[in-house]
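S.K.: Sharing a structure below in structure tokens format, with a few things to ask.
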Amino acid sequence: MVTLDVKTLTVPVGILRILAVVFTCVTFSLVASVGHIGVSFWAWCMFSWCFCFSVTLIILVLEFTSLSSKLPISWDDFTTAFAMLATLMVLTASLLYSIIFTCSACGEQIAACVFSFLTFILYAVEVGLTRAKPGEISGFLSTVPGLLKVLEAFVACIIFICVDLLRYNLLPGLQWCVAVYSICFIISLLIIILTIGRLLSRFPAPFSKVLIVCNVLAVLMYITVAVIWPFYIFKLYPRPNSCPVVCGWDLAVVVTFMTYFNLIAYIVDTVYSFKLVFFTTPA
């Protein structure tokens, strides 16, 4: 039986989600009113806003109708992971759209950027409200290492988007780098899926120890990538005299920056994994 729970809409997290739905709707409506642009970055921005709008609305409906408690997943882990993902997606879309598609005379685009950045703030505050405190019994994705797993997977997605436009298959060193990106991404994604699906309790080995081993291996592999990737990629894509909005050099720089960013994230993740002990809800 469906029971309506009005409190889910009046608590701080519920209010933040309602505002996020409104702001994302305003954002992609303003962008759509300007017209379609056949550029992959424009499509990514629109997808980010529409995706966050849809999932947030679904979360509100499921919690309002109390159907969320009947789903066979860890709801707190799911909502926390999505809030972190939405924060990263909206921030990326805000930066891309404001840099590439906005000008001083573009009223609708500027307004869309303002609402997009406000939406980013809303999701970031939601992450802060739902994150588990150290020592608190909670789902893994509500802790700092859990949120870092979402961050690592998202950064890997950005890397894949840029790498796909580069000729990495010409050199074995670059192929190794892409293999490292893929392996670490798959491991992070599996951990997220197992946590949301409440399958960690059925894991055949102590999860905390497996997590530490995976993080240490990821750090070691990313260290090799941090050396190999910039050494080879900038030989293929030297800095040009003039560059359009997006060129091979720009993409190489983005991937290099994201590589070092993810390396730092894995190092921090490893440190937290050593210090914290997690308790998961039995499936």
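Here, residue 1 is simply the first one shown, and the rest follow in order.
Just so it is clear, glycine is given a Cβ too, placed from its N, Cα and C backbone atoms.
Features from TrEMBL:
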{"type": "DOMAIN", "residues": "8-135", "note": "domain 'MARVEL'"}
{"type": "TRANSMEM", "residues": "15-34", "note": "transmembrane segment"}
{"type": "TRANSMEM", "residues": "41-62", "note": "transmembrane segment"}
{"type": "TRANSMEM", "residues": "82-103", "note": "transmembrane segment"}
{"type": "TRANSMEM", "residues": "110-127", "note": "transmembrane segment"}
{"type": "DOMAIN", "residues": "140-278", "note": "domain 'MARVEL'"}
{"type": "TRANSMEM", "residues": "147-166", "note": "transmembrane segment"}
{"type": "TRANSMEM", "residues": "178-198", "note": "transmembrane segment"}
{"type": "TRANSMEM", "residues": "210-234", "note": "transmembrane segment"}
{"type": "TRANSMEM", "residues": "246-268", "note": "transmembrane segment"}
S.K.: What same-chain residues lie close to the transmembrane segment (210-234): Cβ under 8 Å, and 6 or more beyond its ends?
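M.R.: Non-local partners: 145, 152, 166, 168, 171, 173-174, 176-177, 180-181, 183-184, 187, 191, 203, 252, 255-256, 259-260, 262-263, 266-267, 269-270, 273-274.
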S.K.: Tell me, what is the mean pLDDT of the domain 'MARVEL' (140-278)?
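M.R.: Over the domain 'MARVEL' (140-278), the predicted model scores a mean pLDDT of 86.
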S.K.: What does the DSSP secondary structure composition of the domain 'MARVEL' (8-135) look like, as residue counts for helix, strand and coil?
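M.R.: Tallying H, G and I as helix, E and B as strand, the rest coil: 105 helix, 0 strand, 23 coil.
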S.K.: By DSSP, how many residues in the domain 'MARVEL' (140-278) are helix, how many strand, and how many coil?
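M.R.: Its residues divide into 112 helix, 0 strand, 27 coil.
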